[in-house]
């Protein structure tokens, strides 16, 4: 009766130490001629008998059959038999070779995977009472969102794996309907489609008949109608305007900026959702690859036009809308992404643009700008003003406003910003007017003060001065006259802020301005 020697395998997949010790002792005993072969086999038989008893005890506690070194259950009871002590030396050699082969099989045995390695079990389905098992499509073992939760859709995981009778019938019905799909357009139909495309270009929807089945075309029409109805409801409620929220973000230099409002970029760019803009020439592109190629050959490192102001790393360039039309149009389109009331986009020729930049070793980076009419009958010194979002709350907005009034002083005019102002613009201007008036009051040594004198010295419009004095409660009406009160508490508060702020480079130095008013203004 031929028998097979097996080794005891622990629960963790490792071989029993007695069996390995037996092989080592057998190998060493072969080299020693003084020990009889019968004694060696007797010792081996004793150890194998103990191993078989351990396996039998484990089998009594566990109903599942014991595993062989390859991980499979034994095919017959004879595999667990113990070799006889009278076996020959050839048989023991064959058994040792079998043990070595089984060791190789065990070393190459793959580890069991308990779970799918791509699942993140820290995530859970938000539906109360759901264990995240199953998926609405029936194609996945787990889900982590309400959209794929069977319990949320009043189903079980098993119901999602096996389609219902109604679903099967509907699938067969759809397949039957789609059998009538045309294989292709006829020659006359192709000519009709091409003629329609050449006549209407992108202003009309392409002809969709005979392209797919009638069933699919009807589904598409229903989806179109439903989407347009939802958009109309949102538009009536005032939640969206035409084309709004199409460009979500722009990549501008080393910044990725979230947009605030809709800007009338060309439709092929606006529908992308993300725009790539060169921070020097303001050209807009569709992809980062195009932007990278453009930056490799773009020769611009600062705005076009004349540099009229420089102090430290801050510069201001005067750009004529007539001479640099494309740049100014791109600047207006960029500004509209962050301004609500801006209406000027393409008619830039009657305007001058004053672009503020911050310089480093790579070039002059756009900080903000303001535009003004070349000939303003209402003496507006600012038509539109913007500080880029990445430079907000750093004092650059106040610098732009101060620079606009500095130009008005050089022109010997009284200026005022064009209305309506945006929310952030109104806050910035009120803060600037308050600071100008408190500085004037602090330095004023006379007994009588005139709003006209304040206006002539600061170039601020008298209407803006009066509205600021009223907001500060420094203008009173008494006995038929308007009196300006010098509130020392506000002046002391302003002084304390100036001392705390210290010497800042976020101020305009009139001596650094190199500019003469353009002719005809």
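Every residue, even glycine, has its Cβ placed from backbone N, Cα and C.
Feature region 'Disordered', per TrEMBL, maps to range 166-202 of the set 166-202, 203-239. Under DSSP, the residues of the compositional bias 'Basic and acidic residues' (187-202) split into helix, strand and coil as follows: 14 helix, 0 strand, 2 coil.
Residue 418 (active site, proton donor/acceptor) counts 17 other C-beta atoms within 10 Å of its own C-beta, drawing on all protein chains shown. In the predicted structure, the domain 'MYST-type HAT' (242-517) carries a mean pLDDT of 88.
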